[in-house]
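Taken from TrEMBL, the feature domain 'Glycoside hydrolase family 42 N-terminal' applies to C:8-403. Sequence annotations record features per position, and here TrEMBL assigns substrate binding site to C:Arg105, C:Asn143, C:Trp335. Per TrEMBL, Zn(2+) binding site is recorded for C:Cys109. The active site, proton donor annotation in TrEMBL covers C:Glu144. TrEMBL lists C:Glu327 with the feature active site, nucleophile. Taken from TrEMBL, the feature domain 'Beta-galactosidase trimerisation' covers C:413-600.
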Amino acid sequence: MIRRLGVCYYPEHWPETLWPEDARRMAEAGLSLVRIGEFAWSRLEPEPGVLRWDWLDRAIETLGAAGLKVVLGTPTATPPRWMLDRHPDMLARDLQGRPRGFGSRRHYCFSHPGYLEECRRIVTLLAERHGRNPCLAAWQTDNEYGCHDTVLSYSEAARDAFRGWLRARYGGANGGDIAALNAAWGTVFWSMEYRDFDEIDLPNLTVTEAAPGHWLAFRRFSSDQVVAFNRAQVQIIRAFSEAPIAHNHMGRETDVDHFALGGDLDIASWDSYPLGFLEDRVGAPPERQRRYARQGDPDFQAFHHDLYRAAATLAPAGGTPRWWVMEQQPGPVNWAPYNPAPLPGMVRLWTWEAFAHGAEAVLYFRWRQAPFGQEQLHAGLLRPDSAAAPGLTEAAQVARELADAPLVTQAQAAVALIFDHASDWAWRVQPQGRGLSYFGLVFDLYRALRRAGLSIDILSTAARDFTGYRVILAPGMMQMSDDLKTALNTSGAEILVGPRSAARTDDFRIPVPLPPAWPGLDVTVARLETLRPDMPRPLAGGGAAQYWIETLEGTADSLMALEDGTPVAMREGRVTYCGAWLDEPGLDRLVAGLCARAGLPCHALPDGLRIRDTAAERFWFNYGSETADTPAGPIPPAGVLRQPL
Amino acid sequence: MIRRLGVCYYPEHWPETLWPEDARRMAEAGLSLVRIGEFAWSRLEPEPGVLRWDWLDRAIETLGAAGLKVVLGTPTATPPRWMLDRHPDMLARDLQGRPRGFGSRRHYCFSHPGYLEECRRIVTLLAERHGRNPCLAAWQTDNEYGCHDTVLSYSEAARDAFRGWLRARYGGANGGDIAALNAAWGTVFWSMEYRDFDEIDLPNLTVTEAAPGHWLAFRRFSSDQVVAFNRAQVQIIRAFSEAPIAHNHMGRETDVDHFALGGDLDIASWDSYPLGFLEDRVGAPPERQRRYARQGDPDFQAFHHDLYRAAATLAPAGGTPRWWVMEQQPGPVNWAPYNPAPLPGMVRLWTWEAFAHGAEAVLYFRWRQAPFGQEQLHAGLLRPDSAAAPGLTEAAQVARELADAPLVTQAQAAVALIFDHASDWAWRVQPQGRGLSYFGLVFDLYRALRRAGLSIDILSTAARDFTGYRVILAPGMMQMSDDLKTALNTSGAEILVGPRSAARTDDFRIPVPLPPAWPGLDVTVARLETLRPDMPRPLAGGGAAQYWIETLEGTADSLMALEDGTPVAMREGRVTYCGAWLDEPGLDRLVAGLCARAGLPCHALPDGLRIRDTAAERFWFNYGSETADTPAGPIPPAGVLRQPL
Amino acid sequence: MIRRLGVCYYPEHWPETLWPEDARRMAEAGLSLVRIGEFAWSRLEPEPGVLRWDWLDRAIETLGAAGLKVVLGTPTATPPRWMLDRHPDMLARDLQGRPRGFGSRRHYCFSHPGYLEECRRIVTLLAERHGRNPCLAAWQTDNEYGCHDTVLSYSEAARDAFRGWLRARYGGANGGDIAALNAAWGTVFWSMEYRDFDEIDLPNLTVTEAAPGHWLAFRRFSSDQVVAFNRAQVQIIRAFSEAPIAHNHMGRETDVDHFALGGDLDIASWDSYPLGFLEDRVGAPPERQRRYARQGDPDFQAFHHDLYRAAATLAPAGGTPRWWVMEQQPGPVNWAPYNPAPLPGMVRLWTWEAFAHGAEAVLYFRWRQAPFGQEQLHAGLLRPDSAAAPGLTEAAQVARELADAPLVTQAQAAVALIFDHASDWAWRVQPQGRGLSYFGLVFDLYRALRRAGLSIDILSTAARDFTGYRVILAPGMMQMSDDLKTALNTSGAEILVGPRSAARTDDFRIPVPLPPAWPGLDVTVARLETLRPDMPRPLAGGGAAQYWIETLEGTADSLMALEDGTPVAMREGRVTYCGAWLDEPGLDRLVAGLCARAGLPCHALPDGLRIRDTAAERFWFNYGSETADTPAGPIPPAGVLRQPL
């Protein structure tokens, strides 16, 4: 696959006289894609119904004239101020019930019918005008659904839509069977029984927590609303354009189901800010934050690359999955608690790492640092005075390297990891221990796989054909259907599940027989405990169980146990159930055992050194701050090595 | 007294076909009391005015047929959803002014007249139907008043009722003397003077804090509203039933005055969750939390046992005080920051400790773990699949031991500790140092008494007859009447008061002459300081003053002093005033001195080993995780030893 | 200048029979000024329009008869309860949009026209009655503008006024040029463009942060509203009285521009609570908090003395700047997290330090500790029982020393530091690193100057005549006009600027050419980073850059550099630009270098020992807890030494 570089650009921010020179310099640096338009509604439609296409037409023309292709964003993340006069109740409401006002972005509720209609209108106009523009490379819908905690809205519009959604889900003859909902949520518990769907409120602002079934339903609904909102745009665009459609997600933003959304899109994409994420979202301990402050977490980007590659496999057209990094950090950002500059070389490393994981394109955010607005301290490839910033040099270097080096071709990995958004929601609803999250559990395991030198495919929950995988992992996946269990049992691979896998029904009830109720695996979770973080329980043979530990009963073999012999991981057939959240040494042992049984070679990598295997090469990446040795030779800090396999 | 075991049960949660088997197994395990009904309003009255008694009748009958007696709860903690349609403004409001919505429990304001009337109605119906049922052992009113911070409501209903309460308190000829209120609260301070009671708002959401007199009045009022709410139920029940009436309090829930409430009830009771409390409410330092993570704090349960035994002495019928543990933790719970399992043996230990402190009954919460609802990760005696959980084994063991062993008979202790809810409120209103609380001060002293091997009686503030006590303590009791001071002076016991004892009038003014103004004790608190926790001031002879230190003047003898000779504790007659919050070594010295002067023997107990003396025995409890030595022989972790006196 | 002592007194709090004795004791202690009246509105006007002057007349007469002079406060910080009936919407609203209710103080919005009119009315009446009273020494307007976070209000009144303010600022022919505002704020950034000023809301409660230009404008506006509110009172008072007018600010309260306010006042003043500030506002690390827990930060008071002396230079009458400490802590207070007592001698030290920095008067707050109200644990010079508290003894000692010792005469310092409130606001709007503030940066540098034994003049941003200064510093001053740069360049002094100096336009845009764009200094800030506090970057030669570091380009000389040679401070001509926030050793080197180049001698003072030079003397102050050596001999803890120069 041809790999491409690009950049995010806001022609409306700059005098038109600057455009040609900007376009020339982009092309000169080896960039070929330019994303524009996604925040420009107030320039496209300064007054309701008054459209101004001229500037956009000229901007696309100018870029096209320089040989660049355009990614055109729908502007629905930033409705203009006049929209509020037309739809005063379109604002989302936060957990505290306060309206989330105008003055920044994403100030809309996904459930507001009037705003949805306005979005349909502007997208129709935009698609009509530029849908067949030869300069068009792709579309982007909206921008970063869910950023600034915007998936969940507690507005009246959301409440009304939620009631309708519940009616449909708990369907009966006459528009909903309230008894089915009461049974599913267990509302009898505290006399919370409903007589009608119209009695149901949103689950916020209750005296103590609302029922877990109530919360999970609201999270499912909220994700569905985003998918429907996006689908409305996609359907319009497809009527006018054959260009592929993408949406750009933020890192560790799991409130919306990427797989459900991915089923409507042609290109999956995400916005990669390694340094901002390390400070703000990874949740690394301070030592790791210090060690990687200027490099980013060595596994966080890879995880998301693999996640969005998985989302891309669900695209309606099928074929080679297409996924992009729509925004790539090019220097210091403005929004993390602390905002250092990347170590020299890291912008190049991040870009190559995306390609090694299969990215079709990487676009830097943004072209020129804005001297105004909320992100004025967010670096661009250019400084505000148009001088080249360090990121531009590294981007141009990647462009040259792309031109000179062999194509990167993906291969299926030997290890598969199933990621389930609903499980992330379920753990948030019921963490049972402070700070425990599904994402954290899965990411800890993912890191252990990477420490073992493995390349990983992430799979959606819909996967049933596991051909070619030798190890498959589904930790913490709270709802697992019988057919998934069967498909895993018959895959021929070593399977790892637990803790908490298959622990709840779809409606958040504990199933009886008790979990995991796995065919062919005699293990029962008799009890579970959460532990103070300062009270891990040592394992016999090294490592420890921490945070979460289940009491396992059954006749399956004990693979790993506490020092007193209590089993922590048990195996029967090829299925291992691990009932605890293991620390790093424990996870390393667990992964080594899985690989040994699967006949899969491991490489215990030093901290900061990471591998990604493609069809013909092994890529080495050094996130460390010192030179490291590899079988292919030494690799400097921020270094990238391509080793033919 | 015969000691009984029981369990909390929710027949409405389970298929009726399970009931007989459940009842049989309860009886088989040696349980004789079953609490039911307190969350069942939506099943008793699914539509307004439509009553469904049949299932409850059958449930009681089924339990009775197995030889079990029932504790019947009034369902007023969980009004059904339809109640909101009838009384939309019945919801409490939180400190921020937000309504506390439907969807969990306790979503009512104690001051709402309409909801009170609904409660009267349902309680009347319930008492009419089952008041004379021979299977009835007792009543429980509502459930856990104050849980989830529900005593204080900032609703309009509360505001209106508060104004009426103030009119009554500051009574004048024409319905209240506003000048008296202004003088009492010192509203002249910042031009806060009122011209009428209707000008007075609740003390929340002011620019900086409201006047302490204002806050204290609101707290007194709020507790009184709960007492009145409860009394309304009690009066109805008594008209239809002779069964004794209880209410179950939560641990460290002091927003409502247990003694005021106790004066209306026949049985005092509380809900004992040692592990949940340790993580969530004890306020222990991390080392202690780690050490007792699976046992609970060694003194917290005992303190509450003694507290509710005191409340029980105020029951209208007099006689032997009746108090119960209405809910006993049987395994991991779901609501603390971390939720480990109890050390094997602890469920038994907790039960025996309650009996040793005089409990008449201990009921485990709950029979079967619920697979749905908010508490689905709260252990029961049974697992969700009806298999026995570890707690059941220990409960059955206690039942056998109860049958075989001598009766436990209470004796008056030699040490008395006065507990005053209004002082807890006053310290909250004016802590003067971050994190300082009356409860914390009293509990630190209580722990020191227990470390010295003493058994303690807690007394209410109404106590005036101190016959038989050799040491009486009233630390931090901010309002002390002259007759209490006199009664203590003439008790013949060693008296310990301070810091902050007698420091305020009932209306939260500093009295002149300055505190403590104690007859026969020439000590004056000239000044007070609060200290950073990392800046204790060492005492001459060992230990330190921390957090709170008063400058004492006067001619009384200096008993303990700082290293520079500044007195910290002074004594005259038999009264000691301690002007500082002492650390553990300091408290140990203080207690040892009191006992020595009172001729009371002490035993310096190792950490985790605790004593409770009854009329004929000394009970030893080992909260530690290693075997300990006692004069009666070795005692294993979680062990209980009965030594005849 | 004659230095005077005084006290804050509330005759309305006490029986009139106490007044003569109080006045006598004040005079006897050497106090000559008595501040009264600022919280007495409900006593002056108990019902709307019903005025009660008699008690105030008698109070002033009684004080005057004892030889005391009165500072009379306008009572506008505490409008009575009836005011709310007349102006229900006069309450400020907090950041969350909630009204800030009645029941404490400062419950008004500066932008409410109705309340402003009420203030004009009461001030007129008060000034008419007492404006020419011979006992009057001065006026105080309102009390502590901004205390309890009251400058910024998010009410409808504030919103409406803000729109008007913006119209005026972005003036066009027809009442405002909205295009100018859009350009200034860069609202195109996220389609935030406005079509009319009436579309602009306040910047709170947006989804993510509002535009920095929006926030800065709101902060400028909010300060202006306070200045206008104050000016309204000043204009009335001047019409009826020739007595000088003051306002008393709190420590580290920079939401209102002291210099703008100072231009309307005759006397600048502030309220000095060294112990409360150390715990609550200084932001010192725990070691420093422990070391100075009973003394206060050794530099915090001095900084404010110098700051308000600077404000006083802007008084309309000119001449010797008049500034006071209107409230001086006399013992433990009630409002800090922990409230210890001052070390013996500190009340005297604080008083003398104020005089050494040029204070004309120091008034202790308060005369007698109130036994009621919110501040009942705030010490006074008397205890609630009228006995002398320790503060009275020290105050009387100062009075005697003033009478016996030579007059203190101010001299211009050799070092000037420019303080800019708008920069403090700008850093709050855009800290870029957690916890970073302009105040913190400036204060760190001020402390370094004091460690070097220097006396400092703080200057307002309006200063252009720098005659006599040998070192001038303007760190972190984000907006610097060209004429200020020129004036500094031609001052002949060594100049220190940076980091972030001249980094933004008045509308919060990044200027191009990039900052600092300093004539004659070839330095450009190419990039900036913020650093985790645990990741300082060591300097070659000792010390480190921390928190904030800029990448400097240009040909100016590198004065200080990182260990790898990257310049951190660069100099050309006499101007040094330091691009980093240095730690203490780094700042000490920077200051030593500046002084050496300016030919200004330094004294590296031990921790806790501080100097202030007046015209004829060097004052030594020992904030330490051990005796220290000085060239003038040993100085005990809390000691003051006067050494003739």
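Every residue, even glycine, has its Cβ placed from backbone N, Cα and C.
No curator has checked TrEMBL annotations; they are predicted automatically.
Cα to Cα, C:Cys109 (Zn(2+) binding site) and C:Glu144 (active site, proton donor) are separated by 14 Å. Residues C:Arg105, C:Asn143, C:Trp335 are the ones the record ties to substrate, and the longest Cα gap between any two of them is 17 Å.
Sequence-distant contacts of C:Trp335 (substrate binding site), defined by Cβ-Cβ distance under 8 angstroms and a gap of at least six in the same chain, are C:Gly276, C:Asp280, C:Glu375, C:His378. Between the active-site residues C:Glu144, C:Glu327, C:Glu327 has the most other Cβ atoms inside 10 Å of its own Cβ, all protein chains included. Of the recorded residues, C:Asn143 (substrate binding site) and C:Glu327 (active site, nucleophile) place their C-alpha atoms 11 Å from one another. If you take every residue in the domain 'Beta-galactosidase trimerisation' (C:413-600) and average the pLDDT, you get 98. Taking the Cβ of C:Arg105 (substrate binding site) as reference, residues of its chain lying under 8 Å away and at least six apart in sequence are, in sequence order, C:Phe39, C:Ala77, C:Thr78, C:Asn143, C:His148.
It is 11 Å from the Cα atom of C:Glu327 (active site, nucleophile) to that of the residue listed as 'active site, proton donor'. Filtering of the recorded positions C:Arg105, C:Cys109, C:Asn143, C:Glu144, C:Glu327 by Cβ separation from chain B (threshold: under 8 Å) yields C:Arg105, ordered along the sequence. All chains included, 26 other C-beta atoms sit within 10 angstroms of the C-beta of the residue listed as 'Zn(2+) binding site'. The 10 Å shell around the Cβ of C:Asn143 (substrate binding site) contains 25 further Cβ atoms across the protein chains shown.
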